[in-house]
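A short worksheet on the structure shown next.
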Amino acid sequence: MKNSIVLIGFMGSGKTTFGKILSERHHYQFMDTDDLIMKKENMPITEIFKTKGEDYFRQLETDVLKELTHKNDKMILSTGGGMILKQENVALMKSIGTVVYLKASPHTLANRLKNDTTRPLLKGKNKFLFIKDLLAKRKDYYEKGADVIIKTDEKNIQDILKEIEGYL
Ligand SMILES: Nc1ncnc2c1ncn2[C@@H]1O[C@H](COP(=O)(O)OP(=O)(O)OP(=O)(O)O)[C@@H](O)[C@H]1O
Ligand SMILES: O=C(O)C1=C[C@@H](O)[C@@H](O)[C@H](O)C1
Ligand SMILES: [Mg+2]
């Protein structure tokens with residue numbers, strides 16, 4: 001029986017990138033909680049943070065996960081970087097599928113996000129220092145929320161794909 005996969009990890013860990021490739025390759029449905037929220041609100045994440053605030057966004061994350069638990073199709077679900085902050089969300093993700101943490105160092109993440117302007121939490125910050133600090137605060141949440149941890153530093157995209165495919 002095919003298994004759904006829920007990808008968790010910090011901004012830039014590759015959840016959307018790998019989720020899209022895997023779903024196309026294996027004919028799974030692809031879902032991304034950030035995209036679902038943007039569609040629901042009809043505005044970019046940066047705009048939701050700016051006009052309605054982070055708490056409002058965090059509630060939408062839980063709402064969207066709840067809706068996904070009612071779906072029967074097997075899927076690859078890419079989640080927002082802060083999804084693991086609520087225990088309730090972790091339980092919902094585990095009820096959807098195998099929770100895979102794409103782990104990367106602050107150095108790797110800062111490098112991948114150096115030209116990015118779409119993540120409101122990173123706006124106007126020294127990216128490396130900000131990521132290092134926030135990742136240290138979130139490390140336990142990611143590791144405890146995961147069923148499986150995949151280290152992505154210094155691995156090429158094909159090798160990471162193969163590892164995730166082991167859990168499909
Ligand atoms: N293993 C990797 N090797 C090289 N580049 C990568 C890797 N993983 C991700 N990237 C690149 O890093 C950038 C961010 O990746 P992506 O958008 O998939 O992250 P995300 O986990 O979905 O982030 P967010 O939580 O903010 O949505 C993209 O440009 C992507 O191509
Ligand atoms: O790490 C976070 O808290 C976030 C990550 C993004 O995926 C978005 O969900 C949003 O920008 C917040
Ligand atoms: Mg993403």
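Yeah, the Cβs are placed from backbone N, Cα and C, and that goes for glycine too.
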Look at the ATP binding annotation in TrEMBL, where Gly12, Ser13, Gly14, Lys15, Thr16, Thr17 are given, and name the residue from Arg58, Arg119 listed for that site too. Arg119
Record says Arg58, Gly81, Arg138 bind substrate. Source is TrEMBL. Which of Asp34, Asp35 does it list for that same site? Asp34
Rounded to the nearest Å, what's the C-alpha distance separating Arg119 (ATP binding site) and Gly81 (substrate binding site)? Just drop the number here, would you? 10
Could you give the maximum C-alpha to C-alpha distance in Å for the residues Asp34, Arg58, Gly81, Arg138 that bind substrate per the record? 19
Look up Gly14 (ATP binding site) in the DSSP assignment and reduce it to helix, strand or coil. coil
For the binding-site residues Thr16, Thr17, Arg119, which sit with their CB under 6 angstroms from an atom of ligand 3? Thr16
